[in-house]
Amino acid sequence: MTTRQPLYKSLYFQVIVAICIGIALGHYYPQFGVAVKPLGDGFIKLIKMIIAPIIFCTVVSGIAGMQNMKSVGKTGGYALLYFEIVSTIALLVGLIVVNIVQPGNGMHIDVSTLDASKVATYVAQGADQSVVGFLLNVIPTTIVGAFATGDILQVLMFSVIFGFALHRLGAYGKPILDFIDRFAHVMFNIINMIMKLAPIGAFGAMAFTIGAYGVGSLVQLGQLMICFYITCLAFILIVLGGIARMHGFSVLKMIRYIREELLIVLGTSSSESVLPRMLIKMERLGAKKSVVGLVIPTGYSFNLDGTAIYLTMAAVFIAQATDTHMDITHQITLLVVLLLSSKGAAGVTGSGFIVLAATLSAVGHLPVAGLALILGIDRFMSEARALTNLVGNAVATIVVAKWVKELDTDVLDAELASGGRGIADTRPEDDLGVAEGPTPSNVK
């Protein structure tokens with residue numbers, strides 16, 4: 001048994017302390033609180049620095065790493081169809097809830113105090129954007145240019161094309177895929193390093209927010225967080241619960257079955273931490289190896305329901321807080337962009353914030369500097385994101401397996417009825433080879 005990490009070394013605890021200090025500093029010494037704003041800005045710039053390579057590695061590895069494309073084509077098609085439908089529903093749920101509750105209304109954050117030059121650039125980009133221009137802009141002028149400018153949609157498009165081309169090379173392209181996998185490990189290590197600075201960034205961002213706008217602004221941030229948790233819970237029980245019921249099983253029994261994995265995710269804020277166990281458990285529920293091996297790893301990039309809810313709610317919250325007008329056209333544009341950019345997310349702590357930063361840049365209408373408003377509470381919303389993502393992928397695996405008639409329903413019923421008893425003591429590493437298909441180590 002591993003030694004428990006001291007509380008003071010926990011990132012969760014460090015961020016809590018940093019936020020409390022930031023609130024106190026901003027309240028009692030508002031001028032100094034405003035002065036430490038660069039700490040939050042610097043952290044955001046570090047996050048933006050790795051957006052392009054992270055998305056490239058995740059998407060390319062997920063596509064090029066697929067085995068036996070012809071034999072799993074039907075399963076892959078159904079899986080992608082399910083992912084798109086449910087992800088769209090999740091995005092719409094977040095969009096509807098944040099428009100009804102409007103947690104950011106009344107904050108009246110002055111955008112110019114956040115970063116006037118950047119806001120002017122994004123507003124100009126949004127004003128110049130037509131539908132045709134937007135679609136043409138997805139195609140990069142040069143590959144290097146897409147990565148140099150950090151244009152998320154251009155990077156995503158090139159990554160998809162590169163992934164398919166690499167897959168067509170077969171064994172000849174494997175050295176390149178191996179290199180990308182190793183490069184991805186480096187990128188995710190950089191994420192881990194950057195996330196260690198989260199307390200400093202959260203301190204600077206919260207001190208500035210309270211120093212510039214008062215303690216009252218914290219109430220709105222709390223409303224966003226509570227609203228998000230309730231929305232995720234409702235999505236699991238109503239949307240995923242309804243999908244599960246239509247396919248002959250209970251989402252509550254599924255939650256009970258994967259309760260240990262949920263607890264691990266709750267502690268780590270990363271659904272990646274239970275990937276090997278999920279491969280084992282989904283097969284033991286009666287789904288075929290080929291289905292589990294395709295749906296679970298692919299879902300870690302393409303089926304992130306909790307992240308989808310977070311992205312729409314956070315983006316519109318920033319618009320509400322900064323009094324940035326968003327009409328129906330802007331919100332539809334946001335939805336379309338998120339349908340693409342959310343596929344570059346990964347199940348690691350901070351990935352939702354990374355994709356949010358990329359999305360605000362791609363939309364062009366919302367101030368990226370507004371990310372500073374939610375930096376302090378983003379860490380505390382990551383648990384709900386990760387838990388919702390995990391339940392969503394568990395449900396997706398069973399649903400897709402049933403669609404392609406690769407599910408033993410008798411085994412499913414028996415295992416769910418048992419609640420997973422007897423599995424807890426099994427070491428996941430004993431069965432890492434149970435699932436066939438893509439298990440890229442960098443898909444989080």
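Backbone N, Cα and C atoms are what each Cβ position is placed from, and that goes for glycine too.
Per Swiss-Prot, the feature region 'Disordered' maps to 422-444. Residues or ranges marked as transmembrane segment by Swiss-Prot: 15-35, 46-66, 78-98, 143-163, 199-219, 224-244, 291-311, 332-352, 354-374.
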Most Cβ pairs under 8 Å with the transmembrane segment (291-311), selected from 15-35, 46-66, 78-98, 143-163, 224-244 = 78-98
Return yes if the transmembrane segment (46-66) and the transmembrane segment (143-163) have at least 3 CB pairs under 8 Å (sequence gap of 6 or more), otherwise no.
-> yes
Selection from 15-35, 78-98, 143-163, the stretch that has most Cβ pairs under 8 A to the transmembrane segment (224-244) = 78-98
So which residues does the transmembrane segment (78-98) touch in its own chain, when a touch means Cβ under 8 Å and the partner is 6 or more beyond its ends?
-> 227, 231, 234-235, 239-240, 243, 294-295, 298-299, 302-306, 308-313, 316-317, 320, 331, 334-335, 338-339, 342, 392, 396, 399-400, 403-404
